[in-house]
Amino acid sequence: MEEEGGGRSCGTTRELQKLKQQAMEYYRENDVPRRLEELLNSTFYLQPADVYGHLANCFSKLAKPPTICKIVGKDVLDGLGLPTLQVDIFCTIQNFPKNVCSVVISTHFEVHENALPELAKAEEAERASAVSTAVQWVNSTITHELQGMAPSDQAEVDHLLRIFFASKVQEDKGRKELEKSLEYSTVPTPLPPVPPPPPPPPPTKKKGQKPGRKDTITEKPIAPAEPVEPVLSGSMAIGAVSLAVAKACAMLLNKPLYLNIALLKHNQEQPTTLSMPLLMVSLVSCGKSSSGKLNLMKEVICIPHPELTTKQGVEMLMEMQKHINKIIEMPSPPKAETKKGHDGSKRGQQQITGKMSHLGCLTINCDSIEQPLLLIQEICANLGLELGTNLHLAINCAGHELMDYNKGKYEVIMGTYKNAAEMVDLYVDLINKYPSIIALIDPFRKEDSEQWDSIYHALGSRCYIIAGTASKSISKLLEQGNISIPKSNGLIIKHTNQTTMSDLVEITNLIDSKKHITVFGSTEGESSDDSLVDLAVGLGVRFIKLGGLSRGERVTKYNRLLTIEEELVQNGTLGFKEEHTFFYFNEEAEKAAEALEAAAAREPLVPTFPTQGVEESAETGASSG
């Protein structure tokens, strides 16, 4: 019995020795004894008040870097109560999974206030499907693809996201081709062709035309509307995950997101200063959705002088907004004059009424082009401000919303139609009369390229001609490498759909290289996420366009701007914007620039990010950034 007990004791001792040996090897491999000795020695000399807090901080620096362990997509509501996508990033930090950050991306869908019920219902279903597909992508393939990656490896993350998206594009292409082939197999025998319609009757004599006078002017037919650039359902998952990873990296490094984006922009070299983007604040809206006759001005936008800080600009525009509210609340004075103006409207004073729009500004009823501009002039005079000195104006014309395709003309004011050539004259006259207007956004449809050229050459030396809706998606711009169609000297870019952080860096570099200005814009249906402000600051864009100073989802972003400006002031890294400069190229300069571009195109280019060239083998026609 004693021998048996001694054998068990000997076996236990051998097992303990073996465990001790394994422990020694484990700690030695991880350099624990040396590091622990150094840490304890240094702690003794420092003698911190919180000894365990000090040890915890030191050990955390020795821990493995965080890696992505899970990405979760959720269906949430935006500022208008419509579905959109939220992405949560979970990382393994010191052996435990932790929720690091969340982002909400806005959808690309426009807000149609007066849309037909059937169209609104169809878009609602399309939006719901897009968000549902995005959630599915995030929670299945994307979370597995990025598992174990470091959030700091933004370029590689974006590379994998683009590969994934390219595969989805190919899947969608194959599905559509299959559906097409099935349709062809069931199509009945076509009917004989319908004869062409008879030629239109000669134009009737215009009112006021003298007898015997022949009207020899024949208007050129308008170019048909181009097909809307398709958006692959679910594509917002790519942009949302890319942003979420960038934000997670910033939070893990205890840095603001804008600084992380600035490092991406400057090849990981921290810039000495960062400038705040100039504000483009929507003050009033007089577009198609307003109750007045004026359609031309979807947004009348105020731009504070570049020398003003963001805080000073916001305070000034808040005072202007208060004055507009007072004017709307004032009772209507009795009409003493009933003569008619040039546009057929009564010249007597009309009470201005308004309602809050989804853009965060007041939609007011105006019957002439001058009315909202005179209103702003009056407010500036009351506040001791001078247009063209303290602030400038921009007009979002939303040309694509003004076209009446039955008449082939733009309906500038209800019942007043102008062809594309007449619109050029209208804008030139407007800028001549109101030189404080320094930017026109989407003055035409994108199809009216001839008029874009005309207005650029007529006004480009004193006014920014900016393409927003008229521009192509970021994906297409990067694919083609051409931002000059339509002719403009500025672009509005937005973070939507499959646009990654690497894409934003690349497109802003491209815009900068062409001496164009970049406007970072919000979408029509925004969420309360304020990340796009950090993107604008980090990318160093010229302007930021967030809508008006009302509605929580927009005010949140203005508050973030103020916070960032305060941080930069405290850090001594706030740079300042230069005066407005209009880079205008005449035809000779344009030809010289095109020759240089052609020469540069013959040289092999090294991609800045590995996301470039991923989709060369895939059809990108189903994409939109």
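Cβ coordinates come from backbone N, Cα and C, glycine included.
Per Swiss-Prot, the feature region 'Disordered' maps to 184-226, 331-350, 604-625. Annotated compositional bias 'Pro residues' per Swiss-Prot: 189-203, in sequence order. The annotation substrate binding site is assigned in Swiss-Prot to VAL300, GLY548 on the grounds of similarity to another entry. The compositional bias 'Basic and acidic residues' annotation in Swiss-Prot covers 336-346. The annotation active site, proton acceptor is assigned in Swiss-Prot to ASN497 on the grounds of similarity to another entry.
Taking the features listed in Swiss-Prot, we show where each one sits on the structure.
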{"residue": "VAL300", "record": "substrate binding site", "DSSP (3 states)": "strand"}
{"residue": "ASN497", "record": "active site, proton acceptor", "DSSP (3 states)": "coil"}
{"residue": "GLY548", "record": "substrate binding site", "DSSP (3 states)": "coil"}
Suppose we draw a 10 Å sphere around the Cβ of GLY548 (substrate binding site). How many other Cβ atoms does it contain, all chains included?
25
Between the residue listed as 'active site, proton acceptor' and GLY548 (substrate binding site), the C-alpha gap once rounded to whole angstrom:
24
Which one of these recorded positions, VAL300, ASN497, has the sparsest Cβ neighbourhood, judged by other Cβ atoms within 10 angstroms?
VAL300
